[in-house]
Amino acid sequence: MEDLDALLSDLETTTSHMSRLGAPKERPPETLTPPPPYGHQPQTGSGESSGTTGDKDHLYSTVCKPRSPKPVAPVAPPFSSSSGVLGNGLCELDRLLQELNATQFNITDEIMSQFPSSKMAEGEEKEDQSEDKSSPTVPPSPFPAPSKPSATSATQELDRLMASLSDFRVQNHLPASGPPQPPAASPTREGCPSPPGQTSKGSLDTMLGLLQSDLSRRGVPTQAKGLCGSCNKPIAGQVVTALGRAWHPEHFLCSGCSTTLGGSSFFEKDGAPFCPECYFERFSPRCGFCNQPIRHKMVTALGTHWHPEHFCCVSCGEPFGEEGFHEREGRPYCRRDFLQLFAPRCQGCQGPILDNYISALSALWHPDCFVCRECLAPFSGGSFFEHEGRPLCENHFHAQRGSLCATCGLPVTGRCVSALGRRFHPDHFTCTFCLRPLTKGSFQERASKPYCQPCFLKLFG
């Protein structure tokens, strides 16, 4: 900064000296003597110096040094001493600017690298336009102009440096509403340029900071909404909140198939998100009939899980009603099919036995079916007779065996008389004509009827 102050002091001294030279007052055309070959040169020099002084007063107003008033000086001889003084002053100014440029080159590059190139281009275009407007147009002269030192390169370099410093000062006074800006890189020593990686990183951070500040001034929130549960980086835009954490929408993925779960439903298992397909395929119970995952309603029976539409009778395929189901070898059956297939059968009607039954003759019987197989009469007193595996009443039992009295038709339980291929009670074996008992055992037979000897002789003798 000391070199800059010295440069400004020398510039002000040179400008004051040029101002004291003054500009020649314009005279009426008729009183002027014919100008020398270079008569237009002092007017051009004074115009340039006045224009340059005005521009510099405008550009370097931040120095806040008073300007000496312009004294009214007499007309100077054309381009005699003023050109020499101006040339010496400009040479001195060029030398000082070269020294300043060599000293502050790295600082200028570092400051300029922190601003977009569009600002520099716009600033240079505005400076060129302002210089074009401030400098008066000089008509072309038929006489060749003498060569003299030019201040264009030196003043442009100084203007660019001052514009960079002004932008840097404005950058330091940004409003506090935005995020804190990264600190400016410290100036490096001459001959040791900063690494390109640090310069590009600083420029990128500065541009991001300016963008966030602009968005904050426009009312757009740029504060981080937490760290992403996947990449562990701050979230500034859209956010997905799930499982007690925040996620970038593109990072909230299914743990099975890596499908984005931003706006769809998901399931959680051990702290990890899953899409419905992966969750059901991996963790849902399987149906005992079709072996497919169960997604909605489920029936639990026989130690396994079932789809409601698949929990049905394995025989007829009908769903179970209010009567429930019966199980056989781990398979469910409806009541009708279970009894039809596995219930004990009645020996009389061959139907399934549901409730009470009678066990007799090595078989099971419905109480209503255990009757005499000939007359279908129930057994009185609970006693029955068996003949060839069939339950019979006493009469039909003796009838089947031939043990009924041929006279009275009642069973012969005690002593009996066997004659004519039949059995008789002893009291009922009598003569057919006189009805006398044939106790002595002698009788005559005629047409399968017994007769005593006298009656037989009497009737058929």
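Using the three backbone atoms N, Cα and C, a Cβ is placed for every residue, glycine included.
Keep in mind that this is a model prediction, so the values were computed, not measured.
Residues 3-15 are the range that Swiss-Prot records as motif 'LD motif 1', among 3-15, 68-80, 393-405. Swiss-Prot assigns the feature motif 'LD motif 2' to one of the listed ranges (92-104, 222-234, 261-273), namely 92-104. As stated in Swiss-Prot, the feature motif 'LD motif 4' covers range 203-215 out of the listed 203-215, 242-254, 333-345, 359-371. Swiss-Prot gives the label phosphothreonine to one of Thr155, Thr188, Thr259, Thr300, namely Thr188.
Feature annotation from Swiss-Prot across Ser186, Ser284 places phosphoserine at Ser186.
For the residues Ser135, Ser194, the entry in Swiss-Prot flags phosphoserine at a single position: Ser194. Among the candidates Tyr38, Tyr451, the residue that Swiss-Prot annotates as phosphotyrosine is Tyr38. Averaged over the domain 'LIM zinc-binding 4' (404-461), the predicted model reaches a pLDDT of 80.
Thr407 (phosphothreonine) has a Cβ environment of 14 other Cβ atoms inside 10 Å. The number of other Cβ atoms within 10 Å of the Cβ belonging to Ser403 (phosphoserine), over all protein chains shown, comes to 16.
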